[in-house]
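**Student:** Pulled these from Swiss-Prot:
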BINDING   HIS456, HIS460, HIS463  Zn(2+) binding site
ACT_SITE  GLU457  active site
Amino acid sequence: MKGTKGKVFRVFTAFLAFVLFITAYDLTKGSEKPEDIHNTSLLRNSCFFNWLESKKTRGITMAEEKKANQLPDRSEVKAEDTWRLEDIFPSDEAWNKEFQAVKELIPNLSKYKGKLADSADHLYEALTYQDKVMERLGRLYTYAHMRSDQDTGNSFYQGLNDKAGNLYTQAASATAYLVPEILSIEEDKLQQFILEKEELKLYSHAIEEITKERPHVLSEKEEALLAEASEVLGSSSNTFSVLNNADITFPSIKDEDGNEKQITHGNFINFLESENREVRKNAFDAVYKTYGQYKNTMATTLSGTVKKDNFYARVKKYKSAREAALSNNSIPEEVYDNLVKTINKHLPLLHRYIALRKKVLELDEVHIYDLYTPLVKDAGMKVTYEEAKDYMLKGLAPLGEEYASILKEGLENRWVDVYENKGKRNGAYSSGAYGTNPYILMNWHNNVNNLFTLVHEFGHSVHSYYTRKHQPYPYGNYSIFVAEVASTTNEALLGEYLLNNLEDEKQRLYILNHMLEGFRGTVFRQTMFAEFEHLIHTKAQEGEPLTPELLTNVYYDLNKKYFGDGMVIDKEIGLEWSRIPHFYYNYYVYQYATGYSAAQALSSQILKEGKPAVDRYIDFLKAGSSQYPIDVLKKAGVDMTSPEPIEAACKMFEEKLDEMEELLMKVKQS
């Protein structure tokens, strides 16, 4: 969605931008999963977009696959371990009754079409009526999609989900006139409307977000033509998605036990994590040999998407596709440049980490396929769900009593759907709507990763709780630029708590490695993605064809730069660009690195300053989209227009690397 059309969705459409907040955790962990998609947001708001894409991600492990048929039916799961969706609608009958009531309201959504410029009253009434309908529609959809996700084999709830989605489409169509018509009103007249009708001040920031796009809005006929062409212009991305997810198949290789096993998108990561190096290498070679057979097609689809991005930017009178993409959240381009420049400056830290990996794994040389096998085993760290709740409450205690009370409310009032059952969707997410509790989907396993996942998702949920409680409906959402800050701050606080309180040194090593890998995947890797993305958009804008050879060489050279001379950069990795769905969502991934860095800065302030930093942070959680993301973060204590947060995050990585090296030496000598 671009330009005017995008603003309809981002500013006013609750369904995408702020009614539903879903963040699939597996997609936010630095894309270390082979199906790394993000995702990720709003235009592509972090919520709904992540959820849709996550339907394709995160396979189950080989052991889990064997157990899949032993999972209980949904009806056999204890009620106390499920989310209490009855708090949204007490019954399916109540949902259907509300559905019919909202359906009858849809035709009136367009009753003010052609009348917004007539008076302040008409403008206000159109906006408030739209909000009331979309708020109710958001609750309908949230209930339906979560009922569907708890058992994807339940055709009744799949039907509810489809009905809610179709109703939303009707509502979106009926309100599509709003933004173009607001833009047709002269600025002086809009300001006069706001002055003469006090209630319109509620929408002043939202209207400002729309009107700042005036220089980039075309004539009505031109905008209509672009809208008509959007499906055609998006065909490259659709072709990639079908090819990558439906048509490409990988060969079989022998697993650790000598059994033939076919590689899939879902289990590729399990092969790469294998302790058997031959298994890792064979999986790596097989996957990239397969992608090599499709490199010409993949180059065509990626080139088509980049051309589309550059085309939209050009006709909308932006200097570049990057400026166009970042303008959606009013992010200065210097934020992007600061990230790339600062991370490049600190690449020796990544080189040092690779050297440590080589030493610990006792390898003569480190290859790309050696990056994923665990550096440190879990040291027997089995964590039950009950233990995880205790860890979470203690680890997040620095955020204060009010924050703790919200966590307890969520745990006690069944915000979390805890365990696996047959048909339940994979992964984890936080969801909800304005006027409902936040909800969390988990598929609990007794390990540290699930502990961090739970804390991560509660970060999103408490963020949503504060935002919806303290902001009116038009601002009861938040952009992806700040979304991952809240979840990652929680992870950082938990990590520090565990490091300070675990007595077993091997367990502390495991936590340190978890934190270092998180940084490598979320900051170093995503910044490399961001650098690649900008390079190919720039080359295409300058008229250079994006051939498979060019794409492969650019990507290979970036890997050489990022990983350094201490690592063998296998030629196959040059083809990784061909399987990354990120690159079809222009200028999106940099936000993972900036969000992670902001979270590290905020968590450090919270632990060092105490209450003043906590108060700023809670105000940040309450702000929603009432201000621009950059401004919200500045008030919290982090200025992302400067390199300082990235510098501070790199300093944290260095300190954790020091600590791990020292602890490894100590454990080895004991």
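Backbone N, Cα and C atoms are what each Cβ position is placed from, and that goes for glycine too.
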**Student:** Using the alpha carbons only, what distance in Å do you get between GLU457 (active site) and HIS463 (Zn(2+) binding site) once rounded?
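**Tutor:** Cα to Cα, GLU457 (active site) and HIS463 (Zn(2+) binding site) are separated by 10 Å.
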**Student:** Report, as a single number, how many Cβ atoms besides its own are within 10 Å of the Cβ of HIS463 (Zn(2+) binding site).
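**Tutor:** The answer is 28 other Cβ atoms.
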**Student:** Rank the binding-site residues HIS456, HIS460 by how many other Cβ atoms lie within 10 Å of each Cβ and give me the one with the fewest.
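**Tutor:** Fewest other Cβ atoms within 10 Å, among the binding-site residues HIS456, HIS460, is found for HIS456.
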**Student:** What is the Cβ neighbour count of GLU457 (active site) at a 10 Å cut-off, with all protein chains included?
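**Tutor:** Other Cβ atoms within 10 Å of GLU457 (active site): 28.
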